[in-house]
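Right, one structure below, let's go through it.
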Amino acid sequence: MEQYLPQAKEFISFIDKSPSPYHAVQYFSEILKSKGFIHLSEKQMWDIQPNKKYFFTRNQSCISAFAVGGKYKPGNGFNIAAAHTDSPNFKVRPVSKVESVGYQQVGVETYGGGLWYTWFDRDLTVAGRVIVKSGDGSYESKLVHIKKPILRIPSLAIHLDRSVNTDGFKYNTQNHLVPMIASKLSEPVESKSTTTTTTTESPKTSDPQDVNSSTTKHHAVLLELLSKELGCSVGDIQNFDLSVCDTQPAAIGGALDEFIFSPRCDNLGMSYCAMIGLLNVKESTLAQEENVLNVILFDNEEVGSSSPQGACAPLINDTISRVNSSMFASTCKPHELNNFIDLTLRNSFLISADMAHAIHPNYTANHEPLHRPALNKGPVIKYNANLRYASNGPTSFVILDICKKNGIPIQEFLVKNDSPCGSTIGPIISGTYGIRTVDIGNPQLSMHSIRETCGVADITHGINLIQKYFEQFTKLDIIKSDLE
């Protein structure tokens, strides 16, 4: 296991630096620029050249990085690995100022399908992006991560709920998931730190627009923490997208250092494997490549993907269109260019990379007897006859063949007939674009908990699989065959 530890430590460093999708995208943006990738803007014309590498972001929470093969021609395919940057959490509400029996609380909204009971009695904080007014009157989006524990959702003592261990822990997501941030003892601090009000009630003002100010909608103590972290005044804070997150760092654990205990394994785990896999592709390989190698990390998978930065948006088609237009518009007629875009879609292949369920030692009956992935035994191909996953015989064979040729362990998974099945961006993309797709992911335990578990060795296995996919897919014999 020791040989896998360096890569696992890099991964947990990434996790700790990525408390929100915005931070994850910023992390990858900095790495890509340091590795020679050119930062594109979707608001400007692109100048795409063969054997060059590029990336762009959308909404600060979605990123697409691609390397153009040195032998790329009109109609050639995109070899894509797609994952997502978001995880279930609590979002701070637009009006978050809540008070109850002497406590100041922060109103939050559930995002995705989390195991919300795991958020009780944790040391919590906030992270995300804040719209800040600059001295020249312009506005800027700044990332923020308050690293100390400022929030807590306390559980109810067993003395006040004697049946909790027999009847189960029951909670209401509206009433019982409201983090406390301070007590009313902080009221003198509020009146001192803001000029808008001297009480916790809404300020009296003759300006009707003041009811929409940040100091009216959020507790002053929260705004003060944000302003201190951002280096601005409270009045400069215009709006924000903040998520609640755990302050406990990710860690390598187990007696033999086999496990990673971490938040957001789903799906920063496969986001990391996909992007590092692309970065590890050799320059000599890219020079001889006939396709475009592309990693896309979408946002909003946990809530259906229906956003400009989600997998339902036409980002893949937009990218293919702009790359082909930039490279070949001067030498092709318009109708030929449209045909080449269609050909590119038909010649493309996509790995939908999302974490998978490992066999649980305490709940073995919940798993299909012949499909029980284990931690540290390699990535998992995910199947579902009802198309909750996009894998089929030919597309899964691509992965099996790559793994066999490169000594990468691989596993297979499907749910029991009497069990519901989750889904991924795989069926969305394959159904929208007709791109051949396979669903894979590293195995993990406690999916959608605030604290999840995955395998140390699987980080390396996942990276190796994505790298070899990018380096070898175009030349696989099956792609030249008539399996359509």
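For all residues, glycine too, the Cβ spot is worked out from N, Cα and C.
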Next item on the list: With HIS84, ASP354 listed by Swiss-Prot as binding Zn(2+) 1, identify the candidate in ASP257, ASP266, ASP458 belonging to that site.
Entry: ASP266
Next item on the list: Going by Swiss-Prot, HIS159, GLU301, ASP354, HIS357, LYS382 bind substrate; tell me which of TYR171, TYR389 is listed for that site too.
Entry: TYR389
Margin query: The Zn(2+) 2 site in Swiss-Prot lists ASP266, HIS448. Which one of GLU289, GLU290, GLU302, GLU471 belongs there according to the record?
Written below: GLU302
Notebook entry, point to check: If one measures from the C-alpha of HIS159 (substrate binding site) to the C-alpha of HIS84 (Zn(2+) 1 binding site), what distance in angstrom results, rounded to a whole number?
Noted result: 42
Margin query: Restricting to the chain of HIS357 (substrate binding site) and a gap of 6 or more, list residues whose Cβ falls under 8 Å of its Cβ, or answer none.
Written below: HIS367, PRO373, PHE413, PRO443, GLN444, MET447
Check: Residues near the Zn(2+) 1 site, HIS84, ASP266, ASP354 excluded, by Cβ within 8 Å of the Cβ center?
Finding: ALA83, SER87, ASN267, GLY269, MET270, SER271, GLU301, GLU302, ALA353, MET355, THR424, GLY441
Notebook entry, point to check: In sequence order, which same-chain residues at least six apart have a C-beta under 8 angstroms from TYR389 (substrate binding site)?
Noted result: SER352, LYS382, TYR383, CYS421, SER423, THR424, GLY426, PRO427, ASP439
Margin query: Return the residues near ASP266 (Zn(2+) 1 binding site) by Cβ distance under 8 Å, restricted to its own chain and a separation of at least 6 in sequence.
Written below: SER87, ASP354, MET355, GLN444, MET447, HIS448, GLU452
Notebook entry, point to check: Can you count the other CB atoms that lie within 10 A of the CB of HIS84 (Zn(2+) 1 binding site)?
Noted result: 30
Notebook entry, point to check: MET1 (N-acetylmethionine) to GLU301 (substrate binding site): how many Å between their Cα atoms?
Noted result: 32
